[in-house]
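J.: Heads up, here are the entries from Swiss-Prot:
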SIGNAL    1-19  signal peptide
TOPO_DOM  20-460  topological domain 'Extracellular'
CARBOHYD  Asn26  N-linked glycosylation site
CARBOHYD  Asn74  N-linked glycosylation site
CARBOHYD  Asn169  N-linked glycosylation site
CARBOHYD  Asn203  N-linked glycosylation site
CARBOHYD  Asn285  N-linked glycosylation site
CARBOHYD  Asn352  N-linked glycosylation site
CARBOHYD  Asn366  N-linked glycosylation site
CARBOHYD  Asn415  N-linked glycosylation site
DOMAIN    865-995  domain 'Guanylate cyclase'
Amino acid sequence: MDLGHSLFVVFTCFLMARCRTEIGKNITVVVMLPDNHLKYSFAFPRVFPAIRMAHDDIQKKGKLLRGYTINLLNHSTESQGAGCSESQAQIMAVDTKLYEKPDAFFGPGCVYSVASVGRFVNHWKLPLITAWAPAFGFDSKEEYRTIVRTGLSTTKLGEFAHYLHSHFNWTTRAFMLFHDLKVDDRPYYFISEGVFLVLRRENITVEAVPYDDQKNSDYREMISSLKSNGRIVYICGPLDTFLEFMRIFQNEGLPPEDYAIFYLDMFAKSILDKDYKPWESSDINWTDPIKLFKSVFVITAKEPDNPEYKAFQRELHARAKQEFSVQLEPSLEDIIAGCFYDGFMLYAQALNETLAEGGSQNDGINITQKMQNRRFWGVTGLVSTDKNNDRDIDFNLWAMTNHKTGQYGIVAYYNGTNKEIVWSETEKIQWPKGSPPLDNPPCVFSMDEPFCNEDQLPVLGIVAVGSGLALIIFGISSFLIYRKLKLEKELAGMLWRIRWEELQFESPNKYHKCAGSRLTISQRGSSYGSLITAHGKYQLFAKTGYFKGNLVAIKHVNKKRIELTRQVLFELKHMRDVQFNHLTRFIGACIDPPNICIVTEYCPRGSLQDILENESINLDWMFRYSLINDIVKGMNFLHNSYIGSHGNLKSSNCVVDSRFVLKITDYGLASFRSSCENEDSHALYAKKLWTAPELLIYDRHPPQGTQKGDVYSFGIILQEIALRNGPFYVDGMDLSPKEIVQKVRNGQKPYFRPTTDTSCHSEELSILMEGCWAEDPADRPDFSYIKIFVMKLNKEGSTSILNNLLSRMEQYANNLENLVEERTQAYLEEKRKAENLLYQILPHSVAEQLKRGETVQAEAFDSVTIYFSDIVGFTSMSAESTPLQVVTLLNDLYTCFDAIIDNFDVYKVETIGDAYMVVSDSQSRNGKLHAREIAGMSLALLEQVKTFKIRHRPNDQLRLRIGIHTGPVCAGVVGLKMPRYCLFGDTVNTASRMESNGEALKIHLSSATKEVLDEFGYFDLQLRGDVEMKGKGKMRTYWLLGEKTDVYVI
């Protein structure tokens, strides 16, 4: 009984543990929103499809929360007929927490509902993500520490207003008018709240006046208050009330040119829905609307213009119709749904990191901390959060840009990430008075200043003021004239000019044997980069020289002469003025025909392309991000300088100096640039791999390029650094540069771009690449954005400059150590091969003497045995065969012979045609064994030749004839080129005669050899008799038949 009870308890515990494990794989997300989509831009029909889209993307792609299932629950926070309900939101939050155990909340949207639920989730330590709730109060993280806002924040709007005031020098006062019914969600109150509080925080006096159109607010009283309190006006309320205010403003006769009126219209209903003319939405009979609205500006949220947002918008509307039967029209309100989508992705990323670190899925404190100071690309563009978990929002500033038609255009936008206003280069504010109005004009709000008295200034005062003004005008004029004269003097002085005679091409101190450095040069003439020719890529020595004792890089210009126009002089002056750590320093230019060249700073480490293509250099990601950061810094400075753009940015134009700092070269001096490639040359297309699509349509695009074109080129360089597979690498496709350029130029969707591989680099880097090489130049980020983005990616790069430099030096030293070790091993291997070759050419003892540098002396030997052989009938066989067949025959035969003689103590002296000569005891001094070794070798060769097959004549038998003789010789090395080990003496001649007087397939030997072999007693010899030898007379000779099998050999 006890055993059964124990088993039951164990089984129950197992089931409970298993159930708890399965539950842990589920993530429950509660979405709480109102239902009325006509009233709320964050209602269920608008937002829930976006959240479901994010949910589906996460579950399908599997990159985030792999193995987890996300369950979405939805609850309404709206009371029937009453709009947003704070109590309903509280009840739904508590019930959900008790019965459904959620891991996160999304919504509710309404400010008061978010505030009440936010206090609960703060206590439960669960995250609450919303894309609305703009109230200033949520900045308090002591009370709302787990709230994350991925949409509009009134604080961010206030910061934009503050930057506007700083730009226009409005530092004293402002006036605010906002609509407030004090019921429901009070959207206009909370939107204007941030502007009021931020300006007040900056010591600007702000008079705020609420109004309620349902209580017949007196607009004339508002106008009276406005006249007494401000000239910089902010109005936040329904469009019809704003236009009514402007009608009264006009009727009261206020001069609009003295005011700057900003209408806070977050969703641009006054602009986008009204043909870009705000006043056309009402039936008001305007006297002169264009004159009136010249001083009216509209501040809206900035609509994302990336392709992902457009696709998201289309799918959002389709899902709203399918799931809620609601027909949505495209509007700026869709950005709220997009921000909820990005908020869901932000939560998924933070949760994924928490789980990967072993954390809990309901640890809201840790999860929300991971959402702080984060940056990634979402459907609404760059998503950047601050330390308060509020998203950095961008805003547009609209103004009347066409004073004839009255149409509005965007004159600036506020970059919330960079905290700066970016002014349009084409659309400008046209102030009625030519300059912004004053926020605190003299003698209007205060009469305390002395000059506000109606009495006229005394004569002395008038004289003093006039004299002062005259002195100021004289001083300004003198300064301008001085600057003009100084500029002309600099242009005429030509401080940049270098005479050809001043350049030296040998070291003044003769320290270096050559002035070249192992860099690469481009076909266009750059001192750096890989030389790409029609036949491939080659590394050459860059042209370098010495100027005033310093080593410099010299780039020759393919022009007959340079016309020194004023434009060229200004280009040269600007080049001389540019000084930055990440740009190569311009030293000067030589314009003496035909030696026209540009002289720049010399960087000894080579180009970035060289480093990437050198597989022996190991680049970790800290080093790579450091190189990327150097490029971004250099290009950001260049784009903000007089030069403006590069026009030919590529990896070969990024060079590394001795301190491993990357610098950009070959910029500026557009007048010096020329092209010498043939129109259809391989090099021309290879050079265009970095060129943006919009510039490829030109046969010769502007030499100075464009800033957006430089961003595209930077994207290609990013891919080079990330994959190290060369420029414009496309996985699985082997295309020529011409084919690649033509595909990019065609511009057909899907756009042809290089391969990204998130297994080799981060997903954020892939997003940055794709953003940089976007087809539409307007979609590409500026280098100011890229700089911040890269700094965010390069978390390790936040260390000091010294630590970064030391890290680079350490990595380079490690690379050098590995390279030295590899080169040493390669050297030893080549040395071994050379020694083996030497041992094959010369005897071992002679080779050792030569290696030691000793002179090889001729040497006499008392007794050696020499072997000669040739092939009987070889001449006729050669006549009947092709030369290639003869070579093949001899190679096969001698390869076979060489393998056999390795088994004997012999040395092959030479082969001449079919003749084969071998000697024994010329170096080893093996007593009388030399005769035995040659005899044994001869028998082995004769046996092998009987089975040898001729490839082209397989039925023919090779007939080998062998001759052997023993006697004294003299040996030595003859010659310096191709030295040969030669034997001299009558023994050599006699051995040759023994072979020539022998018979096929027999071994013919002399009596001298026979006497030595008899001492061994196991060779079978047969007397041939006396044979007449040329020059020798008659000699008694013998046949070697084989070895005796019945004799025991010791």
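From the backbone N, Cα and C atoms, a Cβ is placed for every residue, glycine too.
Just so it is clear, the model here is predicted, and its values are computed rather than measured.
In the displayed structure, how are the listed features positioned relative to their neighbours?
T.: Listed in sequence order, Tyr68, Thr69, Ile70, Asn71 are the same-chain residues at least 6 apart in sequence whose CB falls under 8 Å from the CB of Asn26 (N-linked glycosylation site).
Non-local contacts of Asn74 (N-linked glycosylation site) by the CB criterion (under 8 A, 6+ apart in sequence, same chain) comprise Val30, Val31, Met32, Leu33, Phe44, Phe48. In the three-state DSSP scheme, Asn74 (N-linked glycosylation site) falls into the strand class.
Sequence-distant contacts (6 or more apart, same chain, Cβ under 8 Å) of Asn169 (N-linked glycosylation site) comprise Pro436.
DSSP classifies Asn203 (N-linked glycosylation site) as coil under the three-state reduction.
The Cβ of Asn285 (N-linked glycosylation site) has 7 other Cβ atoms within 10 Å, all protein chains considered.
In sequence order, Leu64, Leu65 are the residues near Asn352 (N-linked glycosylation site), counting only same-chain partners six or more apart with C-beta under 8 A.
Counting only same-chain residues six or more apart in sequence, the Cβ atoms lying under 8 angstroms from the Cβ of Asn366 (N-linked glycosylation site) belong to Thr354, Gly359, Ser360.
With a 10 A radius on its CB, Asn415 (N-linked glycosylation site) counts 23 other CB atoms from all the protein chains. The secondary structure of Asn415 (N-linked glycosylation site), as reduced to three states from DSSP, is extended strand.
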J.: Can you tell me how many other Cβ atoms are located within 10 Å of the Cβ belonging to Asn203 (N-linked glycosylation site)?
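T.: Summing over all protein chains shown, Asn203 (N-linked glycosylation site) has 8 other Cβ atoms within 10 Å.
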J.: Quick check for the class: what is the C-alpha distance, in angstrom and rounded, between Asn203 (N-linked glycosylation site) and Asn415 (N-linked glycosylation site)?
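T.: The separation of the Cα atoms works out to 23 Å.
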J.: Looking only at the domain 'Guanylate cyclase' (865-995), what are its DSSP counts of helix, strand and coil residues?
T.: 53 helix, 39 strand, 39 coil
J.: According to DSSP, does Asn352 (N-linked glycosylation site) fall in a helix, a strand, or coil?
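T.: In three-state terms, Asn352 (N-linked glycosylation site) counts as helix.
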J.: Return one of helix, strand or coil for Asn26 (N-linked glycosylation site), based on DSSP.
T.: strand
J.: What average pLDDT is reported by the model for the domain 'Guanylate cyclase' (865-995)?
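T.: Reported value for the domain 'Guanylate cyclase' (865-995) is a mean pLDDT of 89.
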